[in-house]
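Student: Before we start, here is the structure in question, set down as structure tokens.
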Amino acid sequence: MTQAKIYPQHIDLEPVMRVQGTVRLPGSKSISNRTLLLAALSEGTTTIHDLLASDDTSVMLDALRKLGIQWEQVDERTHVVHGAAGRLPVGQADLFMGNAGTAIRPLTAALAVIGGDYTLHGVERMHERPIGDLVDALNAVGANIEYTGNPGYPPLHIRAGKVQPDRIAVRGNVSSQFLTALLMAAPLMAVDKPVTIEVVGELISKPYIEITLNLMRRFGVTVGQDGWASFTVQPGQTYQSPGSIHVEGDASSASYFLAAGAIAGGPVRVEGVGKDSIQGDVRFADALEQMGATITKGDNWIEAKSNGVLKAIDADFNHIPDAAMTIAVAALYADGTSTLRNIASWRVKETDRLAAMATELRKVGATVEEGPDYIRVTPPDTLSHATIDTYDDHRMAMCFSLASLDGAARRGNAMRINDPKCVAKTFPDYFETFSGIAQDTLS
Ligand SMILES: O=C(O)C1=C[C@@H](OP(=O)(O)O)[C@@H](O)[C@H](O)C1
Ligand SMILES: C=C(OP(=O)(O)O)C(=O)O
């Protein structure tokens, strides 16, 4: 076991020669926050098993409470949400959304359609993350949403409007969460006639739309689809509680452990996601396979094992923008230059991830080319010890734990990661769990 030393300001990860073990994943952030909102909008009570416990789900739970939705946590792994059947008991509230895109975007659409007097704000970075395409789409069909800071960004002030359109158009090239938000609110708009949501231009991060449609179906609403161009909800469909629902393990969180297995021996098995997962990020395993790792999958697990040095990869990662960050760090262990393409959305997430990734990969000795929507990584012969800055981005912290694996071990120095507690956004116990798969350390 590695002796990870946790300090308030940084964590020192001793070089790890070999990883092996089984990790039980925390719940999926994307499924947890969608499920909470859909349960709140449903008729009936929903028991949710294995909800993610993290900053992003706390802000959603707190917001729902403030809006008058009753919920209880009945034991460590079980929450019960009492749906309010498309209404919100509290008509006026000030809601703190942290930095959770999956909370602020869907809630904005739901609140604008249901009507009331609501303000939504978040951490400083949240106020730099775009929401203009969603606000424009809603205001164009009768919503009343105002920016109280910079136009195009939270904070927002939502007042009652009248939103019952036939058609609503939204751009999908900055974030798929805008379309997700409109889809989830669509049954509330389609009161007596169908509503069609049209995607204007390109749609990014498509697998997240599949998650949305899948969960809407489980809550009793089906959506007609014309490819990725438009989505129609027929009138008279209301959300109905499925009774109980289980949240899969988080496939993005799985990526760090699978990559560790692919880099440093393995096998490493993640439990909680498997062959039939509804999360697009399970396709991260295909990328690792392409890099030469051996991947095996069961119904509820995925395992990765290394086969010597990884092969460099050149691929489009638009479908898995979050897990793609893990590939950028795994590329440090590849036999040549890797190129990750079509990832412009990295610039508007928790930080400018293209800039942050380039800066931190250079610190460990990589040669990096940062393009407007791509990154090219050439590994050094030997990784250098470095102090990694994390930019209040959970994924920067989690990805760079991989830089403590065998390549780094050749130098025998610890890898320092600043502000490790930022992992609380989606995986509060990340570093403890990572320590659990480390078998041999050089300390
Ligand atoms: O809908 C979702 O659950 C998410 C969609 C993706 O965002 P974009 O659509 O902005 O790429 C992803 O990066 C985010 O972590 C979660
Ligand atoms: C982009 C992310 O989060 P959000 O849901 O806040 O968009 C992420 O978790 O990588």
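From the backbone N, Cα and C atoms, a Cβ is placed for every residue, glycine too.
Dumping what TrEMBL says about this protein:
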ACT_SITE  D322  active site, proton acceptor
BINDING   K29, S30, R34, S175, S176, Q177, S205, D322, K349  3-phosphoshikimate binding site
BINDING   K29, G101, R129, Q177, R353, R395, K425  phosphoenolpyruvate binding site
DOMAIN    15-433  domain 'Enolpyruvate transferase'
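Describe each of these features in terms of where it is and what it packs against.
Tutor: In sequence order, S252, S255, D281, R395 are the residues of the chain that are 6 or more apart from D322 (active site, proton acceptor) and have a CB within less than 8 Å of its CB.
Cβ environment of K29 (3-phosphoshikimate binding site): L52, S54, D56, T57, T102, D250, S252, T426 lie under 8 Å away, each six or more residues apart in the same chain.
All protein chains included, G101 (phosphoenolpyruvate binding site) registers 26 other Cβ atoms within 10 Å of its own Cβ.
Looking at the domain 'Enolpyruvate transferase' (15-433) alone, the prediction's average pLDDT is 97.
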Student: Please work out the number of neighbouring Cβ atoms within 10 Å of the Cβ of K349 (3-phosphoshikimate binding site), leaving out its own Cβ.
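Tutor: A count of 20.
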Student: If I take the alpha carbons of R129 (phosphoenolpyruvate binding site) and K349 (3-phosphoshikimate binding site), what is the distance between them in whole Å?
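Tutor: So the Cα of K349 (3-phosphoshikimate binding site) lies 7 Å away from that of R129 (phosphoenolpyruvate binding site).
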Student: If you pair up every Cα among K29, S30, R34, S175, S176, Q177, S205, D322, K349, the residues annotated as binding 3-phosphoshikimate, what's the maximum separation in angstrom, rounded to an integer?
Tutor: 19
Student: Which binding-site residues from the list R34, G101, S176 come close to ligand 2, meaning a Cβ under 6 Å from one of its atoms?
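Tutor: Listed by sequence, the hits are G101.
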Student: Can you list which of these binding-site residues (S176, S205, R353, K425) have a Cβ closer than 6 Å to ligand 1?
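Tutor: Checked binding-site residues vs ligand 1; flagged S176, S205.
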Student: If we count other C-beta atoms within 10 Å, could you say which of the binding-site residues S176, S205 has the fewest?
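Tutor: Lowest Cβ count within 10 Å among the binding-site residues (S176, S205) is S205.
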